[in-house]
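A short worksheet on the structure shown next.
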């Protein structure tokens, strides 16, 4: 089997300038990445930014620790990948053998990582996630054990410290559980577009549960965007096959909206399949890319990463400040006020972030 490559974050320095956050160690994921680019790429970099499923994942992957053969154990045990059923079973088994390691010191090397975790069992392979521009460690990596029992031993130990820093090992298989995404953000929508027209268009993809039409709290007029929640996840997948949709007389930009809980899960563990993984897998089977979705872990405000999950700027020029905990979008209408009032039909209120 060929090695699956862990890509880098994309141009972290450029993203920092684009989003307008502080310099230094803040290299978080940039929400200004378009959904289309996100589906075709991996995780992006930017200061204090959220993610719309990532940015570029690839970059300079030849640096130390940028590659890992996620299928080594399968080959060592004499397995073949002759059928989709076997492929899925083998992938599920490998989930039991691998771990995500967060909170690493910037000085921790691949050798340090392997030496430490070898105390718990044979390490088949490991990697550190590196910034493709600077070559600097991004503070997390992955370990593949020979046996799942080694993972259990790691988890049984209450605290792990490497190079003087408490680290955070997690089971990689935890990434498999995720809530379905049923909500979208529609930008570039004319405030004059009737709700009936919006419902008619998007109802063609599946049953609409609710439509939120944000109002300007000063003018009491509708803003140039809305949120739509569907009964099921499938309509969202269909809609996201195109970045732009013509709704009434408006050419609208569509992005996936997520609850805070969904967003945090996506940032830490990523999505297997669905929107972000769609372009990365091979055929109908699960992707072999270990790093799929993990690369934005550092955006969780964890340890030295220091990136709070709120207050992200930039999402194609949308500003959700004050809109009932919807944030991370930037300013679509170039107005400074929050959104306050919302005209809503059915459903329940929640706090959402971009995907």
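Cβ atoms are placed via backbone N, Cα and C, with glycine included.
Per Swiss-Prot, the feature compositional bias 'Low complexity' maps to 11-20 (among others).
Per Swiss-Prot, compositional bias 'Low complexity' is recorded for 27-42 (among others).
Summarising the annotation, Swiss-Prot assigns compositional bias 'Gly residues' to 43-58.
The compositional bias 'Basic and acidic residues' annotation in Swiss-Prot covers 64-73.
The SUMO2 cross-link annotation in Swiss-Prot covers 72 (among others).
DSSP gives residue 129 (SUMO2 cross-link) a strand state. All chains included, 26 other C-beta atoms sit within 10 angstroms of the C-beta of residue 129 (SUMO2 cross-link). If you look up Swiss-Prot, you'll see 129 (among others) marked as SUMO2 cross-link.
Here Swiss-Prot flags 197 (among others) as SUMO2 cross-link, drawing on a large-scale study or a structure entry. Secondary structure at residue 197 (SUMO2 cross-link), as computed by DSSP, is helix.
Annotated domain 'RRM 1' per Swiss-Prot: 97-179, in sequence order. For the domain 'RRM 1' (97-179), the predicted model reports an average pLDDT of 88.
Taken from Swiss-Prot, the feature domain 'RRM 2' covers 182-261, and the record attributes it to sequence analysis.
Taken from Swiss-Prot, the feature N-acetylserine covers 2, and the record attributes it to a large-scale study or a structure entry.
The phosphoserine annotation in Swiss-Prot covers 71 (among others) and rests on a large-scale study or a structure entry.
If you look up Swiss-Prot, you'll see 80 (among others) marked as phosphoserine, on the strength of a large-scale study or a structure entry.
According to Swiss-Prot, the phosphoserine annotation covers 83 (among others).
For 91 (among others), the entry in Swiss-Prot reads phosphothreonine.
Residue environment of residue 127 (phosphothreonine) contains 25 other Cβ atoms, counted within 10 Å of its Cβ in all protein chains. Annotated phosphothreonine per Swiss-Prot: 127 (among others), in sequence order.
Annotation comment: Swiss-Prot describes 190 (among others) as phosphoserine. In this structure, residue 190 (phosphoserine) belongs to neither helix nor strand by DSSP; it is coil.
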**Q.** Spatial separation of residue 127 (phosphothreonine) from residue 197 (SUMO2 cross-link) - C-alpha basis, Å
**A.** 51
(Q) When you rank 190, 243, 251 by Cα distance to residue 129 (SUMO2 cross-link), which of the modified residues ends up on top as the closest? (A) 243
Q | Cα-to-Cα gap, residue 127 (phosphothreonine) vs residue 190 (phosphoserine), nearest whole Å | A | 48
Q: Specify the secondary structure state of residue 243 (N6-acetyllysine) as given by DSSP, simplified to three classes.
A: coil
(Q) Under 8 Å between C-beta atoms and at least six apart in sequence, can you list the same-chain neighbours of residue 251 (N6-acetyllysine), or say none if there are none? (A) 188, 244, 245
